[in-house]
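Report on the following structure.
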There are 2 protein chains.
Amino acid sequence: MTKPRKPLILVCNDDGIFSQGIKALAEIADEFGDVAIIAPDRQQSAVGHAITVSTPLRARPFRIDGRFDGQAVSGTPADSVKLAHNQLLDRKPDLVVSGINHGSNAGINILYSGTVSAATEGTILGYPSIAVSCTDFDEDADLSGCQDAARKVIGYVLNHGLPRGVTLNLNAPSGPLKGIKWARQANSRYVEEFEGRVDPHNRNYYWMTGKFQLLDEDEKNDISMLEKGYASLTPIQYDLTAYSLLNDLREIEL
Amino acid sequence: MTKPRKPLILVCNDDGIFSQGIKALAEIADEFGDVAIIAPDRQQSAVGHAITVSTPLRARPFRIDGRFDGQAVSGTPADSVKLAHNQLLDRKPDLVVSGINHGSNAGINILYSGTVSAATEGTILGYPSIAVSCTDFDEDADLSGCQDAARKVIGYVLNHGLPRGVTLNLNAPSGPLKGIKWARQANSRYVEEFEGRVDPHNRNYYWMTGKFQLLDEDEKNDISMLEKGYASLTPIQYDLTAYSLLNDLREIEL
């Protein structure tokens, strides 16, 4: 009888392979199976679901803490997961996890997030996938509660799987875990998004900045759960069709 | 009595301000109101919903064909729309249109599309927004049918508006317009996505390539409508919550 193989867990992120967060997530993945870290070779925040089509990609092997084998990819988070699936892994992963991102990916930030896009790409390729982010931007933030939340969600998904086409998006505050709450993506936006400045040559330039605004009226959303100190867990989908409208619109002849 | 102001239409894209497609779309927008072209200063395909947070943005005024005033932005399509809204326009637009993209943005490609992300950003900012793409990649493709479709959809949206949170995603074949069909985002994916090569220094590199695969079983999707020669029109949303699952998932304690 052959020994049953341990699950293979692909770990990716958007902060790059040398971030604290990816190490913290690999440690949790390691409790459940074999770990392969395949992630961007540098910071790729706010890249959304970008992919690299006009330059070739490279992958460079590396080792973190003398413990985890990995490959550093010269591309985006979505590139990394695609390349892992198509070329770099010698067996199919049982799970894709992305993170731990330094900074939350809740509300409208889900759209801009490279962390979430790596997990979404995992889902597109047919793997159960989870994105994990911590509200704290500090590289030395206490990720222990976020790790505890990730452990629960990874354990659940490895046991029960996920419906096709659905990604889980997990966010947690820094510090100890108070609990995990299911939530929807908050209706939210940024206002006053740019600061205009004038350079020494008298030309204008603009820094992206902005204030986050929560527009939701009830509290069953990810941002509100995080504000109350809970971890939030949101099932998201990459079929963007607004089905609730499509039937009515079909009546309109153009 | 003051003369009623013409609608202001913001035109963006992801192929950059010097593409044929953006000119073709500006010509149609011009039939309905005042046109402001604010778009990336270079090709930005497949950037998804990327935004630029770690470098400042610049905008440079330009004129196309001695006819349309515009600004070329040193960033992504989403950056361009945000900067237009926050800093560059002196009044709020009545409509945001993005395109005409050289290459369709249907099925899974919607996720990777800079063209669609510019329109989505318009929706996030509260403006009725439309993305327009042509299936033909050729810079000299016959965009007349695509322009006809855009004219119909722009006319409809300026008259009737759009529900909040919804973007219209229009795709059309090159050549004359056969008709416009409402459709959902096709369930689709890419397979065999990379071609591995070895460089003169004996190191591996990978080109993204891949075959598009339609997984849908019925024909009410965007890809199938395009294959039949119709333009496809899909309402899409940026709330990614998988609501159909959320109620069941709430029963699960983690």
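Note that the numbers count up from 1, one per residue, in the order the chain is shown.
Even glycines carry a Cβ here, placed using N, Cα and C.
Quick look at what TrEMBL lists:
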type	residues	note
BINDING	A:ASP14, A:ASP15, A:SER45, A:ASN101	divalent metal cation binding site
DOMAIN	A:9-191	domain 'Survival protein SurE-like phosphatase/nucleotidase'
Show, in sequence order, which residues other than A:ASP14, A:ASP15, A:SER45, A:ASN101 on the same chain lie with their Cβ within 8 Å of the centre of the Cβ atoms of the divalent metal cation site.
A:ASN13, A:GLY16, A:SER19, A:GLY21, A:GLN43, A:GLN44, A:PRO77, A:GLY99, A:HIS102, A:GLY103, A:SER113, A:GLY114, A:THR115
Taking DSSP three-state, what's A:ASP15 (divalent metal cation binding site) in: helix, strand or coil?
coil
Subset of A:ASP14, A:ASP15, A:SER45 (binding-site residues) with C-beta under 8 Å from chain B:
A:SER45
Determine, from DSSP, whether A:SER45 (divalent metal cation binding site) sits in helix, strand or coil.
coil
For a quick check of packing: other C-beta atoms within 10 Å of the C-beta of A:ASN101 (divalent metal cation binding site), how many?
30
